[in-house]
Each structure stands twice: as structure tokens, then as C-alpha cells.
Ligand SMILES: [Mn+2]
């Protein structure tokens with residue numbers, strides 16, 4: 001048996017030995033590629049939008065937990081975790097799905113609405129890869145997420161404290177007065193926000209949360225629950241609040257879940273939230289929604305958490321607990337633009353479960369919203385309106 005098992009290795013070494021005199025590639029350093037057929041004719045081996053290794057928006061990819069050589073001000077970080085969901089599983093494939101769709105949102109190009117791309121606003125942004133989270137033990141996985149997040153938060157930033165909006169903001173808000181990287185996390189089910197808030201509060205104290213979701217996520221599990229049954233993707237905010245990581249100034253947007261009774265709202269208020277419902281956007285308009293969110297969270301450290309199910313399932317069906325009657329992608333993007341300039345210290349986009357998708361539509365939406373986060377977190381104020389013929393006619397002052 002032993003011999004049979006070793007046979008392929010023996011054969012391979014025989015092949016290698018017989019080729020040894022013919023293998024000049026040990027001297028690859030000496031090869032001048034400029035004279036080779038490809039480079040002399042076509043130049044660099046560039047990646048096309050649909051080719052190359054998988055990183056968010058074609059940004060540099062480093063496994064940051066094991067390699068501290070690449071410095072960054074903002075990191076994209078994957079938490080492939082979905083073992084605390086109440087309905088459809090599959091969000092462990094969210095980081096993969098979002099990165100795959102992000103091939104088209106290259107970080108060096110920009111839309112009219114922003115006028116700037118993520119990579120031209122000063123901050124060094126890289127994709128730090130995914131955290132290898134156990135799918136077999138939630139207590140351990142939560143600790144792995146907190147350890148990984150705290151590791152990146154503790155890394156020195158790439159830019160001087162005053163050189164970029166993101167580092168200046170971090171230095172002014174952090175308890176130690178030093179700038180710390182901002183992390184945009186790709187979920188994962190929504191429970192990932194709990195270890196993130198545990199980690200952030202160590203660096204910034206209590207955090208106010210802007211939470212876009214069709215669900216409150218401030219539920220409480222019953223008294224017969226075990227310690228880790230209490231932590232699931234509809235209860236983690238209550239756990240985070242009770243542990244002291246959150247202020248009393250958090251706010252939800254896009255809520256439309258069905259409730260049993262008013263105790264849901266009461267419990268929600270007890271852990272520091274106000275509610276902007278999905279329909280409030282129709283009744284009060286975009287500007288009022290934005291100004292209400294801005295004044296609610298104020299000047300302290302703010303965390304942005306977006307469950308893709310805040311978007312109507314017509315646009316984002318691939319998620320664990322879809323709810324009809326949500327915001328459009330364009331409405332969501334405009335609200336996010338309106339929040340520019342708040343003191344964001346981190347953000348996540350969660351609950352993308354690509355196996356329920358059609359034509360990658362949900363992952364495309366998610367990757368575009370992450371792109372928006374990367375611009376929004378770097379700018380000081382919402383971008384002005386597009387100055388086209390409509391602006392000329394209706395807004396331009398004589
Ligand atoms: Mn939700």
C-alpha cells in the first residue's frame with residue numbers, strides 16, 4: 001500500500017530528474033521580457049474587467065492577517081459567515097459574490113453622481129481578503145471575527161493623520177488620538193456586526209449606528225435560549241447595546257418587517273434606535289430622511305450597516321429574509337450620498353446570498369453600494385448636483 005501511495009511522487013521525481021538539465025527557468029531573473037513575443041508586441045499583461053485574480057474592484061489583494069507589509073487607510077474585508085440565520089442560509093458566499101460582481105466597478109473610474117473614484121480621494125485602499133471562520137462553532141467564529149477586525153484596526157495607517165479625510169477623522173475620534181484604518185466588511189449574515197462593534201468600541205468608545213434594513217434586528221431571544229442562541233441575525237444589536245458598545249442615538253432606515261405587536265418598537269427604542277420606515281421615504285421625501293438621520297447620529301463616531309434586504313427584492317432577491325416593498329437601488333444610493341461627511345469609522349454590507357440570485361443582480365447592487373461607501377467615507381460633504389442642461393435651466397444663478 002505504502003509503495004502504491006508513493007508511486008506518483010516517485011514518478012514525478014523521475015520526470016523532474018530527467019528534465020533537470022533542460023530547465024533554464026532557475027535563471028528566470030535574467031530573462032528580458034521586452035524581447036519576448038508577447039511583451040515586444042503587446043506590452044503589459046493587464047487585467048480586463050472580466051479577467052484577473054478576484055479582489056474588490058481590481059484593488060490590490062493581500063492576506064492582511066498574515067502579511068502586514070501592505071499599509072492601508074481603508075480595507076475591504078470579507079466575513080464569510082452564515083450560521084446564525086433564521087431562514088435561508090448562503091451568505092457565507094457573499095464576499096465571493098460581491099467581489100465577482102465588483103469586477104465592473106473598477107476603483108479607478110467614477111460616475112457623474114460622485115465626480116470622484118475611490119482611488120483618487122487620497123486614501124490607500126486594499127482588499128485584505130477573507131477571514132477563515134469556522135462554520136461549526138458560532139462562539140469561536142464570533143471571536144475569530146473580533147480578533148481579525150481588531151488586528152486590522154491596530155495596524156498603522158498608510159497616510160499621515162492629516163493627509164486624508166479618513167485618517168484625520170479617525171485620529172480626532174479615537175480614544176488613543178491616533179488614526180486607525182477604516183474597514184468595509186463584506187458579509188456574511190448580519191450577526192457579523194456584533195464582533196465588529198465589540199472591536200470598534202475598544203478604539204472609539206460608544207458608537208452610533210445607521211442601519212439600513214427591512215428588519216429591526218433588535219429582537220431578544222426568550223429566556224429558555226442558551227447563551228449562543230441569544231446571538232443571531234435578528235438580535236445582535238440588542239446584545240451589542242447591552243454590552244455597552246452603542247450610544248442611544250442610532251437609527252434604522254427602510255424598515256418594513258411584519259411584527260407580532262408593539263413590543264417590537266418598545267424593545268427597539270430601549271436599545272437606542274429610532275425608525276424611518278420604508279414608506280417614510282414616500283411621505284416625507286429624500287431630503288427629510290437624510291437630514292433626520294444626520295441630526296440623529298450627530299458628531300460622534302458612526303457605523304454604517306446595510307442589509308441588502310433593505311432594497312426591494314425586485315432588485316436584490318438573493319438574500320436570506322427578503323421583504324417586499326423596499327427602496328429602489330437609486331433611492332438607497334441617493335440616501336448614502338446624502339450621509340457624506342458624517343464621522344464614519346467603518347461600514348458593512350451584509351446578507352448577500354448569491355445562490356438565490358438571477359444574473360448576479362443582487363451582487364451587482366451590493367458591489368455598487370460598497371463602491372459608494374468607499375467614496376462616501378472619503379469625502380467631506382455630499383457631492384453637488386450634476387451640472388447638465390436641467391441644472392442650467394432650473395438651478396443656475398444668473
Ligand atoms: Mn434584514
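FYI, residue positions are counted from 1 along the chain as it appears here.
Quick reminder: no glycine exception, Cβ is built from N, Cα and C everywhere.
Because the structure is a prediction, the values reported are computed rather than measured.
These features come from TrEMBL:
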{"type": "BINDING", "residues": "190, 213, 215, 217, 307, 309", "note": "Mn(2+) binding site"}
{"type": "SIGNAL", "residues": "1-17", "note": "signal peptide"}
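Mapped onto this structure are the features recorded in TrEMBL.
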residue	record	DSSP class
190	Mn(2+) binding site	helix
213	Mn(2+) binding site	coil
307	Mn(2+) binding site	strand
Check your understanding: How many neighbouring Cβ atoms, not counting its own, are there within 10 Å of the Cβ of residue 213 (Mn(2+) binding site)?
Key -> 26
Review point. With every protein chain in view, how many other Cβ atoms are within 10 Å of the Cβ of residue 215 (Mn(2+) binding site)?
Key: 25
Study note, to complete from the structure: residue 190 (Mn(2+) binding site), Cβ-centred 10 Å count of other Cβ atoms over all protein chains shown, is 31
Review point. Using an 8 Å cut-off from the Cβ centroid of 190, 213, 215, 217, 307, 309, can you name the remaining same-chain residues around the Mn(2+) site, in sequence order?
Key: 211, 214, 216, 233, 234, 310, 321, 350, 351
